[in-house]
Structures are given as structure tokens and as C-alpha cells.
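Structure record follows, encoded as C-alpha cells.
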Amino acid sequence: MFDALSDRLGSTFDRLRGRGALREQDVRDAMREVRIALLEADVALPVAKSFIDKVTEKAVGEDVLKSVTPGQQVIKIVNDELVAMLGGDDGEQGHVPLTLEAKPPVVIMMVGLQGSGKTTTTAKLSKYIREKHGKKPMMASLDVNRPAAQEQLAVLGEQVDVATLPIVQGQQPVDIARRALEAARLQNVDVLLLDTAGRLHVDEALMAEMKAVAGVSAPTEVLLVVDSLTGQDAVNVAQNFSDEVPLTGVVLTRMDGDARGGAALSMRAVTGKPIKFAGTGEKLDAIEAFHPARVADRILGMGDVVSLVEKAAENIKVEEAEALAKRMEKGKFDLNDLRMQLRQMQNMGGIGAIAGMMPGMKKAKAAMAAADMDDKVLVHMDAIMGSMTPKERANPALLNAKRKKRVAAGSGTSVQEVNKVMKMHQEMSRAMKQIKKMGGLKGLASMFGGGGGGLGGLGGMGGGGGMPNLPGLGGPGGKGPSVDPNTLPPDLRAILDKDK
């Protein structure tokens with residue numbers, strides 16, 4: 001979503017970094033470019049103006065201009081102000097968690113316009129609460145206007161394995177809310193999520209209905225779901241809702257889209273309400289807690305290593321990672337291992353998502369896009385390996401010309417694509433043998449200064465990974481250069497401490 005803004009800011013800051021000394025005019029010229037970039041990204045004018053004024057005031061100070069690295073100092077100031085604009089002063093490290101510790105059932109009321117993704121977000125959030133917080137959720141649809149809205153939530157409930165309130169035709173939203181509360185108490189539900197009706201625009205009838213439901217259910221959380229693709233209009237909708245309903249937070253949907261990102265940057269500053277979650281895809285687990293510092297790092301091309309590690313820990317099974325590490329120790333690496341690694345990359349969001357979270361990968365990501373190297377490549381490679389017999393995957397040398405033709409026909413690809421997969425496997429297999437010659441993983445780690453330990457969840461991404469040209473995906477068990485834990489971000493230190 002922030003690619004265009006990130007590119008504009010990146011080129012501006014590259015020019016600042018390239019100068020040994022900075023004059024006040026240099027900073028002001030750079031800030032003018034940043035202002036244009038923000039406005040082009042659809043950031044609200046008052047928000048952009050306030051942001052530039054704060055950065056300029058701090059950046060033109062004598063301490064910054066006369067420092068050893070003035071360019072880096074200015075970039076740090078921009079980063080700090082960007083975090084503050086996104087809500088970095090809210091909650092713990094900027095993220096405001098859901099209030100789930102009140103007397104059960106804790107009621108979360110989902111509000112928003114039609115088409116914003118409210119019903120799907122309700123299902124995503126219930127799954128998130130069950131899996132991340134260990135609570136027992138229940139969902140109830142109060143939307144009696146949109147055809148099949150209640151049935152849609154029931155289907156989603158089955159998909160995420162969360163109970164939904166049985167449908168009773170003809171009931172009004174307030175009556176459904178009362179029945180949902182009673183059912184939640186009887187079933188010892190911890191969290192009750194109410195999916196309210198939407199409208200095509202904010203009107204008196206919608207607000208009156210929401211106030212009536214809130215009066216009956218006394219919600220602990222009132223979350224506004226807005227579509228980030230609607231740009232500045234999303235901010236106006238949020239402003240209208242916050243004037244009428246006591247919102248506790250915002251959920252931005254379609255954050256994986258190609259909109260300009262202005263809604264996300266303006267939302268917190270305009271409404272004063274924290275962005276609590278971001279929808280990042282169509283899958284029912286594609287929802288993330290919103291961390292201002294991490295989003296700011298992504299915008300400025302600094303990556304998001306903490307989120308990458310968290311995704312790896314969630315998607316990579318420790319047993320598989322350890323088994324692969326042992327095989328690598330012996331210099332073994334067959335097509336089953338390659339297939340497993342590529343699937344892990346897909347589960348973590350694909351090539352683009354991983355590259356976007358890694359520091360310094362902005363240019364590599366652009367090169368991959370230019371070369372048409374997207375997640376379809378992983379799907380095709382998986383299909384090719386799936387068309388092989390187990391014997392062929394375990395012993396790739398069996399694949400002669402005749403067998404390759406059969407595999408290409410079975411996977412709907414060409415013999416050339418089959419050969420590319422084979423070449424990738426050969427290169428990685430050669431790398432495994434080199435590791436064995438160096439004394440295995442311990443010998444490799446000693447070359448890099450003793451090995452950084454930790455990051456256990458990343459083990460399955462080791463050995464040069466599925467994509468040899470993606471730096472940072474190598475090293476089983478997270479082995480790499482020795483790192484002082486005290487220099488790591490607090491979030492990452494917490495994850496590492498948990499793994500010990």
C-alpha cells in the first residue's frame with residue numbers, strides 16, 4: 001500500500017544521506033518534497049502541514065545540522081514524527097490492545113458503512129481472539145437489512161470454528177442484541193462480537209440504531225471498520241462516526257491493496273482514535289495488530305524484522321526445521337526439502353511480503369516486480385514438484401527428458417520451467433555440500449563470529465532459502481553474525497527471550 005510513498009521518500013532521503021554537510025535550505029527543500037509526497041499519498045492537508053512543521057522545527061536546529069551524520073539525523077526525526085502521527089504514543093509501544101479482561105461476556109461492537117468488510121473482519125477478529133488470547137468468542141449478526149447478512153456470518157463462523165447466534169427471522173437489532181447477551185452468559189462465552197448493520201452513507205437512522213444497540217449491550221469496545229481503499233473518504237467517515245458513537249478504535253481493511261495509504265496516515269491524527277488492527281488479505285487469518293513503529297519502518301524502507309520473525313514463528317514447525325537442519329548437516333537436500341521451504345514462504349505471505357519486511361530490500365522488491373517474479377512463481381514450482389512421484393522428489397537424478405515432459409504436462413507448465421526448478425535445486429544442493437565441508441552448521445556459524453543463536457522459528461528458512469538472491473533468508477536456526485541482544489528492538493528481544 002505504501003510503495004509509492006516509500007519510493008518518493010526513499011529518493012529524497014538518499015540525496016540527504018549523500019551529503020556530508022547540510023544547510024538549512026537543504027532540509028527545507030527536502031521537507032517540501034516530503035510534503036508533496038504525503039499529499040500525493042492522500043494524507044489530509046492539515047495532517048501533512050502539521051507533520052512537516054514539526055519535522056522542520058526539529059531538523060533545522062544547530063545540533064542536527066552540525067552533527068557528524070546530519071542526513072541520518074533528519075531521517076530519524078522524520079521516523080519519530082511518523083510514528084507519533086500513526087499513534088506511537090498510545091498504549092504499549094504504540095499498539096493499543098483490545099480490552100478483554102472485563103467481566104464476561106466482554107462485548108465488542110463492530111460498526112461501519114456497507115462494503116467496508118465489517119462482517120469478514122468480525123470473523124477474522126473472533127479467530128484472532130480465540131487463537132492469540134485463548135478466549136471463547138461468539139458472534140451475532142444484527143444486520144437485518146442486507147440480504148443474507150446473517151447467513152454470511154454463520155458460514156464464516158463455521159470456517160473459523162466460532163459459534164454464532166442462531167438466526168430468528170423478523171427480530172429487530174435491539175432484540176437480537178439482548179438474545180445474544182443471554183446466550184453468551186448461558187454458554188460461558190468470554191467475548192461477544194456484535195456485527196451491526198451498515199449503510200451506504202452515514203444517516204440518522206443508522207446512528208439511532210447503533211445508539212440503541214449500545215444502550216442494550218454496553219460494549220467494552222466499539223470498533224469502526226473502514227476501507228482504506230476509499231482514501232480520504234475513510235477519514236471523513238471515521239470523523240462522522242466518532243462524533244456520534246464512543247469509538248474505542250479503528251480497524252483498517254484492505255491494507256494489502258494498492259491505494260495510496262493516506263487513510264492510514266491521517267486516521268489517528270484526525271479522529272484521535274487508535275488504529276488497533278489492519279486487514280491484510282482475504283484469508284480469515286489475514287489480520288494484524290497495528291504497530292505504528294513497524295508501519296513507519298516499512299514506509300521508510302527500514303523493513304519490519306519483528307513482524308517477519310513473528311510470522312516465521314507462527315508458520316514454521318519446529319520439528320520440520322530441526323529435521324531439515326539435520327539433513328543439511330549431512331549435505332542432503334532433495335526436492336521434498338525445497339518444496340517445504342517454498343510452502344513456508346507462501347504461508348508467510350509470499351515473496352513480496354517477506355521482501356517488504358526485510359531491511360534494504362526495497363530495490364530488490366522492485367527488481368522482482370519488474371521480472372514478473374511474484375507468488376505465482378511459487379505456485380508453479382509447487383505444482384511442478386507435486387507432479388513428480390515421491391521417488392523422483394527424493395532422488396532428482398531420476399528425472400530424465402522423458403520424465404520431465406510428463407511432469408511439465410501434469411503441472412500445466414513447460415519443460416523449461418521444470419529445468420529451472422531442477423537448476424535451483426542443484427545450486428542449493430551444492431550449497432548444502434559446501435556447508436558439510438565447512439564442518440556443518442557450527443562451522444558455518446563460527447565463520448560469522450560465533451552465531452547469533454535465537455530466532456529458532458526461522459530454522460526452516462535456512463540454507464540459502466528457496467530464493468538464493470533474497471539475503472536474510474539463509475542460516476538454519478537463525479545462525480548468523482554475532483549480535484548484541486541489547487541493540488535489538490524491544491519487540492524482537494521479547495520474542496527471543498520467550499524462545500530461550
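Every residue gets a Cβ built from N, Cα and C, even glycine.
According to TrEMBL, the protein carries these features:
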BINDING   112-119, 195-199, 253-256  GTP binding site
COMPBIAS  465-480  compositional bias 'Gly residues'
DOMAIN    274-287  domain 'SRP54-type proteins GTP-binding'
REGION    465-500  region 'Disordered'
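Here the features listed in TrEMBL are placed on the structure.
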residue: Gly112; record: GTP binding site; Cβ contacts under 8 Å, 6 or more apart: Lys118, Gly198, Leu224, Val225, Val226, Val237, Phe241
residue: Gly115; record: GTP binding site; Cβ contacts under 8 Å, 6 or more apart: Gly198, Asp227
residue: Thr196; record: GTP binding site; Cβ contacts under 8 Å, 6 or more apart: Met109, Met110, Val111, Lys118, Leu142, Asp143, Pro173, Glu209, Met210, Val213
residue: Arg199; record: GTP binding site; Cβ contacts under 8 Å, 6 or more apart: Leu113, Gln114, Ala205, Leu206
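Thr196 (GTP binding site) falls within neither a helix nor a strand when secondary structure is assigned with DSSP, and so counts as coil. Nonlocal intrachain contacts for the domain 'SRP54-type proteins GTP-binding' (274-287), taken as residues 6+ away from its ends with a CB within less than 8 angstroms of a stretch CB, comprise 86-87, 90-91, 95-98, 117, 120-121, 123-125, 127-128, 156, 159-160, 223, 249-256, 264, 267-268, 349.
Over the domain 'SRP54-type proteins GTP-binding' (274-287) the predicted model carries a mean pLDDT of 89.
According to its DSSP assignment, Gly112 (GTP binding site) is coil. In three-state terms derived from DSSP, Lys118 (GTP binding site) belongs to a helical segment. All chains included, 25 other C-beta atoms sit within 10 angstroms of the C-beta of Met255 (GTP binding site).
In the three-state DSSP scheme, Met255 (GTP binding site) is classed as coil.
Summarised by DSSP class, the composition of the domain 'SRP54-type proteins GTP-binding' (274-287) is 0 helix, 6 strand, 8 coil.
In this view, Lys118 (GTP binding site) is surrounded by 26 other Cβ atoms within 10 Å of its Cβ, with every protein chain counted.
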